[in-house]
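Below is one structure, written out as structure tokens, with a few remarks after it.
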Amino acid sequence: MQKRIAVIYGDGIGKEVITQALKILKAVAKKYEHTFIFEEVLAGGAAIDECGECLPMKSLQICKQSDSVLLGAVGGPKWDNEPSHNRPEKALLTLRKELGLFANIRPATLLPQLSKASPLKDEILNRGIDFIIVRELIGGVYFGEHKLEEINGEKVASDAMTYSASQIESIAKVAFNIARNRKKEIVCVDKANVLSSSRLWREVVDKVAQNYKDVHLSYMYVDNAAMQICRAPSQFDVILTENMFGDILSDEASIITGTIGVIPSASLSNGTLGMYEPIHGSAPDIAGQDKANPIGTILSAAMMLELSFGLTKESEVIQKAVQNALDKGYRTGDMMSEGMQLVGCEQMGDVILESVI
């Protein structure tokens, strides 16, 4: 198999973690006789520094022509004073929109080796944490109309949370298909007691559910969901929600699993094209110090192999290699606990690589 992968190192620790993921992917390609062609793409703060814009047209074109995109992280305080249309984060929004990446898939799974790093009590952790958040990615308040105007002598700002029925239907089908292959439970999270857009979500999701009689659907207000994720996360299997709610809840879900450093994510289109990235930020405070955790990026690469390329066996090899490294007690600083062996970003990549080759 030959696949072309656009690689966005991005900012901060992005280059460090991506370097480790590429090392693993190259080993997988050699072992299973695949050809992965990697093409570096400028985006985010690095692109601003070099080209003056967060997402050069050349970068966008390369991503469109690729089979998948692998991203490290973008952003940092260095670019905080850039105008809103040219902030590093704007590159991500543009990529999602232009590539049609409407579905964000983010697992929240407690790795047993990291249970001590979770802030939750043992009585909660013992019930297990294993759910997926399916977040609509190119609609809602992030892409609605934004206004800043002066009315009666004072500034007034507004941001529109806009959704069409077709947008909701598309993401709902993704969630139901995922749930059908898991425990067949979906909780749709909204704020239907207040928001018209949430009421439309319920109307459309109810219709989609008619084609998935084997999947149990329930609804939960977002404020309650935020509480329940910490109080009783074992109740969840698949959470379906809109863009902003999903952004907030998925970050909350990541920390209860012990560390954001190990969590991957996928942003998918209607076809096989996807963008894969760890959920952590660019962490400029530790950039260049070999302290970053590469596991989230390595697992993102594993998701890419499975979801975009259909290479399930190869994906499982990477996942097992990560488990082996943790079983042996290797930990980066963010997940360190007593009795474990502290390693840096590069060494963690090397340890995982040993189980792949």
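The backbone N, Cα and C atoms fix where each Cβ goes, and this holds for glycine too.
Worth saying up front: this structure is predicted, and the values here are computed from it rather than measured.
Between the candidates ARG135, ARG199, ARG202, Swiss-Prot assigns the substrate site shared with ARG96, ARG106, ASP223 to ARG135.
On its own chain, ARG96 (substrate binding site) has PHE102, LEU137, ILE138, SER267, MET275 as residues at least 6 apart in sequence with a Cβ closer than 8 Å to its own Cβ. Applying an 8 A CB threshold to same-chain residues 6+ apart, the list for ARG106 (substrate binding site) reads ILE132, ILE133, ARG135, GLY246, SER250, ALA253, SER254, ILE263, PRO264, SER265, ALA266, ILE279. Of LYS191, ASP223, ASP247, all annotated as recorded positions, the residue with the shortest Cα distance to PRO88 (NAD(+) binding site) is ASP247.
Among the recorded positions listed here, namely LYS191, ASP223, ASP247, ASP251, ASP251 has its C-alpha nearest to that of LYS291 (NAD(+) binding site). Note: the CA-CA distance between ALA287 (NAD(+) binding site) and ASP251 (Mg(2+) binding site) rounds to 21 Å. Of all the recorded positions given, namely SER84, TYR142, ASP223, ASP251, ALA283, those whose Cα is no farther than the 10 Å limit from the Cα of LYS191 (site 'Important for catalysis') are ASP223. For the binding-site residues ASP80, ASP223, ASP247, ASP251, the greatest number of Cβ atoms within 10 Å around a candidate Cβ is found at ASP247.
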